[in-house]
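Q: The structure is given below, and queries will be raised subsequently.
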Amino acid sequence: MMKKIDVKIVDPRVGQQFPLPTYATPGSAGLDLRACLDQAIELKAGETTLIPTGLAIHIADTGLAAVILPRSGLGHKHGVVLGNLVGLIDSDYQGQLMVSVWNRGQQTFTVEPGERIAQMVFVPVVQAEFNLVEDFVGSERGEGGFGHSGRS
């Protein structure tokens, strides 16, 4: 079942000069978010900046959230990732979607107006209710942590 999410265009260029977010293929999990800029931005190596998307969303459903993720090609080819690594959009947030972009590469990277800079995925949310206990029921793994299963 498809969920409908309210999207507010906060910059009139979105839907005109810059396309609305769409799923690239029927199997795509993420929608591409674009840089809603007046002019190109040069992001020097090591720099971080906030880039507007021109969109605001209100998910409203407390059973959903959105995550903003890097685009794989920008990270792999250019070293450009999200400054906060992953952005979390709560269901009650209603402001403009901003993308923190970090150039962890060695070269200056130019972000062009309308360029796809990140992707957004909607995910289910479960809020935990904590129960204080003295001990846990034993499991096969137990307290095995980092590297507990080996490498091969």
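For all residues, glycine too, the Cβ spot is worked out from N, Cα and C.
Note that this is a predicted model, so its numbers are computed, not measured.
Below, the features straight out of Swiss-Prot:
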- Arg71, Ser72, Gly73, Asn84, Leu88, Ile89, Asp90, Met98: substrate binding site (BINDING)
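Thinking about packing and proximity, how do these listed features fit into the structure?
A: Around the Cβ of Gly73 (substrate binding site), the same chain contributes no residue under 8 angstroms that is 6 or more positions distant in sequence.
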Q: Which chain-mates of Asn84 (substrate binding site) that are at least 6 residues away have a CB under 8 A from its CB, listed by sequence?
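A: The list for Asn84 (substrate binding site) reads Ser100, given in order along the sequence.
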Q: Which residues in the same chain, at least 6 apart in sequence, have a Cβ under 8 Å from the Cβ of Ile89 (substrate binding site)?
A: Ile57, Ile59, Ala65, Ala66, Val67, Ile68, Leu97, Met120
Q: For Met98 (substrate binding site), which residues in the same chain are close in space, meaning a Cβ under 8 Å from its Cβ, but six or more apart along the sequence?
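A: Residues satisfying the criterion: Leu50, Ile51, Pro52, Thr53.
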